[in-house]
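Pulled from TrEMBL, these are the features on record:
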type	residues	note
DOMAIN	A:68-315	domain 'Cytochrome c assembly protein'
TRANSMEM	A:12-32	transmembrane segment
TRANSMEM	A:44-61	transmembrane segment
TRANSMEM	A:67-87	transmembrane segment
TRANSMEM	A:99-120	transmembrane segment
TRANSMEM	A:140-165	transmembrane segment
TRANSMEM	A:225-248	transmembrane segment
TRANSMEM	A:263-278	transmembrane segment
TRANSMEM	A:290-314	transmembrane segment
Amino acid sequence: MIFSTLEHILTHISFSIVSIVITIFFMTLFVHEIVGLYNSSERAMIVTLFCITGILVTRWIDSGHFPLSNLYESLMFLSWSFSIIHMVPKIRNHKKKNLFSAITAPSAIFTQGFVTSGLLTEMHQSTILVPALQSQWLMMHVSMMVLSYAALLCGSLLSVALLVITFRKNMEIFCQSDSLSFLIRPIFFDKIQYVNEKNNVLRNTCFLSVQNYHRYQLIQQLDRWSCRVISLGFLFLTIGILSGAVWANEAWGSYWNWDPKETWAFITWTIFAIYLHTRTNNNWGSKNSAILASTGFLIIWICYFGVNLLGIGLHSYGSFTLN
Amino acid sequence: NSSSPTHLQHEDVETLVEKSDSVQLLKLLKKVPKRVLGVLSNLSLAIGEMGSVAALMALGTVIEQGETPDFYFEKYPEENPVFGFFTWRWVLGLGFDHMFSSPIFLGLLVLLAASLMACTYMTQIPLVKVARRWNYLNTSESIRKQEFNDSLPRASVRDLGVILMGAGYEVFLKGPSLYAFKGLAGRFAPIGVHLAMLLIMAGGTLSATGSFRGSVTVPQGLNFVMGDVLNPIGFLSTPTQDFNTEVHVNRFYMDYYDSGEVSQFHTDLSLFDLNGKEVTRKTISVNDPLRYGGITIYQTDWSISALQILRDDEGPFNLPMAPLKLSGDKKLFGTFLPVGNTDSPTVKGISMLARDLQSIVLYDQEGKFVGIRRPNSKLPIDINGMKIIILDAIGSTGLDLKTDPGVPIVYAGFGSLMLTTCISFLSHSQVWALQDGTTVVVGGKSNRAKIEFPEEMNRLLDRVPELAQISQTK
Amino acid sequence: VESASEAGPCEEKVQAASDATQNNLFPEFPTKDINRRVALGSSVAAVGLFLSSRLDFGVSLKDLSAAAMPYEQALANGKPTLVEFYADWCEVCRELAPDVYKVEQQYMDRVNFVMLNVDNTKWEQELDEFGVEGIPHFAFLDRNGNEEGNVVGRLPKQYLLENVDALARGETSIPHSRIVGQFSSSESRKVHGVVDPRSHD
Ligand code: HEM
């Protein structure tokens with residue numbers, strides 16, 4: 001009894017924190033920037049991580065099975081993965097990760113907000129596990145899949161950011177307006193200051209070329225980071241799909257039935273394998289591979305959500321073997 | 001005279017033979033494999049193949065698979081084509097109704113496999129050879145072109161080599177040039193990835209052509225012989241001695257949660273060989289199959305076979321239960337106990353319906369609801385003057401049998417794919433150095449550790465001792 | 001001069017200068033900020049605790065059914081029995097659970113306590129037999145298994161206590177019977193059919 005109460009408390013706390021962070025974010029974006037609150041959002045992310053971990057652990061203890069058996073639990077796990085991916089660079093003490101955080105932190109916050117909001121209350125209850133899911137493979141397969149989705153989503157969002165920056169002509173919005181500056185400013189602060197100090201006279205004329213140089217650097221960084229994250233996500237996706245195939249063989253006798261969920265996971269894997277291959281060939285350029293990774297974003301959502309939603313509408317959602 | 005124009009000289013014969021068509025054809029044929037390999041190992045082609053495989057798979061999930069032709073006539077009519085051109089002719093003609101075994105899909109997979117083989121042969125294996133040649137960079141400019149570069153004003157390339165060796169690099173020195181690398185595995189992993197893919201494809205092909213499969217629904221207490229149930233799938237399927245084993249279903253039961261959902265299905269099986277000796281006995285459940293002699297038995301379905309009742313304390317009678325069709329996939333079984341004159345054409349009786357093994361609903365001769373009974377409660381019920389006691393509901397278990405020779409190969413492919421993909425994530429770093437007078441020019445690159453590599457190099461270079469006495473080296 | 005052999009797909013295409021100036025992600029935080037964070041954190045925790053205090057503390061239906069006795073065993077051991085028909089989705093059952101638990105603890109050795117989930121098809125015979133139309137439905141059985149009376153819906157703890165006490169003392173009738181309080185209709189039971197063994201939704 002105490003564990004379900006604890007889980008309830010943690011859900012409320014995490015929702016409150018998430019609401020506050022989103023409020024701060026939108027305030028900063030549209031109204032006025034408060035520089036001091038940047039650190040608050042970092043602290044909030046750490047607290048959210050602890051809350052989500054607590055929720056998952058108490059759910060595990062309360063229901064007796066690994067908390068990944070329905071959509072609610074897997075979304076919770078997804079937001080936990082986003083938080084972990086957000087935290088990892090900080091642990092390894094890479095200082096220049098503001099770019100990365102700009103993608104992972106909002107993802108974690110929005111996913112967690114969606115999960116703990118009132119939209120999914122009917123799934124909150126701990127459910128029983130159907131016979132087919134009572135296996136040790138559940139832990140490995142589904143957790144790897146959700147982790148890979150989180151990593152690949154981050155990577156493809158970074159590619160989307162890269163495309164956005166490539167296609168933006170004016171750099172004004174980055175250097176002067178308040179909108180994204182509480183995320184981006186720490187990168188450019190020193191450089192702009194340096195330029196200002198050095199060359200006050202030519203400031204206006206040099207500004208544009210300095211802007212272009214920074215933009216170029218930003219694109220390079222985004223490119224590198226998206227490639228790294230997508231490689232990691234690809235590794236997890238490979239392990240997830242293969243462990244799923246082995247599990248299917250143990251449970252139902254066939255390691256690959258072409259049912260929609262498995263097929264779409266394989267399609268996602270193929271798309272990102274193509275992405276990795278376009279990067280080995282230098283002629284393709286970073287822009288084209290970024291476009292590819294952005295389509296990967298859509299495909300992951302189809303794979304994760306779309307298949308479940310469509311499966312309700314279609315006639316018979318079942319598995320068909322190769323016969 | 002020897003140089004008579006009418007006699008052909010040896011050289012003339014040779015040139016004549018060279019120019020003749022058959023020889024030209026032979027030369028062309030020898031070039032073809034090389035050309036084909038060259039075309040197949042083109043990366044863009046491979047990317048195109050992967051893309052079209054993905055597109056076909058997506059199409060296969062959108063179009064319903066395995067339906068009757070009438071279904072496609074209805075869904076994709078010619079009068080009103082989808083997207084303006086897609087009719088049932090496309091679907092049935094190209095084999096999209098069984099997309100994942102259609103010739104177009106399988107052909108693409110074969111092409112992909114050929115590309116993989118060609119690519120591994122043409123580009124990856126030469127890569128291994130190249131890696132073995134320690135490629136020194138002999139000019140300062142080429143070293144300065146590297147990702148990371150630095151120069152040490154008063155140092156010796158030998159000292160640098162010692163420091164690098166201490167940091168785990170393999171160092172090679174030739175005169176003033178130095179080459180060092182760390183993490184060789186990271187370079188060869190892509191080859192492993194492609195070979196693992198080929199292994200998986202080979203295993204999958206073997207599964208598709210050499211396995212046996214079968215399903216059977218067996219009431220509790222009965223048996224069957226494996227060979228009767230298993231059907232060959234492809235042309236390589238050959239039965240084994242173990243196919244003569246007899247399987248006996250001792251008991252089939254379901255575990256429930258408090259709220260009535262099924263927690264697990266269990267079947268207690270005994271296997272007997274040709275002599276009637278019991279060779280193995282196991283209770284299988286959904287994630288826990290029985291393996292014997294290459295054949296695996298899975299729990300995949302269930303059914304109700306009969307109701308055992310006492311009528312007016314006589315019996316027990318076994319009434320067979322028949323499945324009644326309902327919408328959706330919830331099952332309903334029913335049986336009928338005739339009352340009165342069984343020869344008359346309009347015979348009436350008591351109907352008993354069951355959704356599971358736990359409760360039976362009874363209706364009288366007029367079809368009116370009378371009551372519900374749980375089989376093991378032994379509570380009698382009075383219908384139309386008869387006293388009925390339901391003793392037991394006997395279930396049947398649905399089993400899937402399978403033997404698959406490709407599974408070990410596919411598992412080996414899975415394991416190596418996981419391993420090599422992990423390894424390809426490791427970093428592989430290379431360092432070059434050149435002694436240029438008293439300066440050592442250092443350059444390096446790494447395939448993964450973009451951030452850590454410059455930091456590590458800076459740390460190592462700091463440790464290189466500065467030479468006090470400058471000795472000219474040429 | 002042969003250039004270096006290929007590296008992985010994340011290789012950097014252009015030479016980049018080593019990034020010298022790094023911005024400090026965690027600058028010296030002023031104490032004001034810590035205070036602000038502490039205030040925020042504690043107010044959030046207070047809100048969370050306030051919300052949680054409106055939830056049910058104590059016994060849950062799961063605890064009750066874990067402590068209950070199997071039905072067949074209860075009928076066979078010669079003691080009077082209290083049978084409660086409940087469901088997981090029934091609000092009133094959840095609210096009455098702590099009271100039932102206390103009574104159970106008090107009379108455990110003299111009276112059997114049985115919990116039957118109405119969603120379970122196993123108890124359909126009993127649902128029919130006892131005429132259960134609303135839950136929670138409390139049926140009071142004597143030591144031979146005959147029904148002495150029943151109560152449906154929300155009832156004060158006193159009534160329950162007195163009824164169980166009457167059972168324990170072996171009386172042939174219970175003081176409070178045929179009382180109907182606020183209940184949920186048993187028509188809204190959620191009967192789960194047998195799941196397909198292969199279904200993994
Ligand atoms: C089913 C088809 C294929 C799959 C799943 C596949 C998968 C992969 C993977 C996972 C990598 C490793 C990437 C890395 O380690 O970062 C890789 C590397 C590579 N693949 Fe493929 N590949 C396929 C087909 C091909 C084909 C047909 C070619 C040649 C035309 C090819 C050329 C390469 C090359 C050159 C690399 C090396 C990149 C590097 O060194 O990292 N691949 N492939």
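Cβ from N, Cα, C; glycine included.
If one looks beyond the transmembrane segment (A:290-314) by at least 6 residues along the same chain, the residues whose Cβ comes under 8 Å of a Cβ in the stretch are 71, 149, 152-153, 155-160, 162-163, 166, 223, 226, 230, 260-261, 264-265, 267-268, 271-272, 274-275, 278. Here the transmembrane segment (A:99-120) lies next to the transmembrane segment (A:44-61) in space: the count of CB pairs under 8 Å, restricted to residues six or more apart, reaches at least 3. Stretch with the largest number of CB pairs closer than 8 A to the transmembrane segment (A:67-87), among A:44-61, A:225-248, A:263-278: A:44-61. Sequence-distant neighbours of the transmembrane segment (A:263-278) (same chain, 6+ residues past either end, Cβ-Cβ under 8 Å): 145, 152, 230-231, 233-234, 237-238, 240-241, 244, 284, 288-289, 292-293, 295-296, 299-300, 302-303, 306-307.
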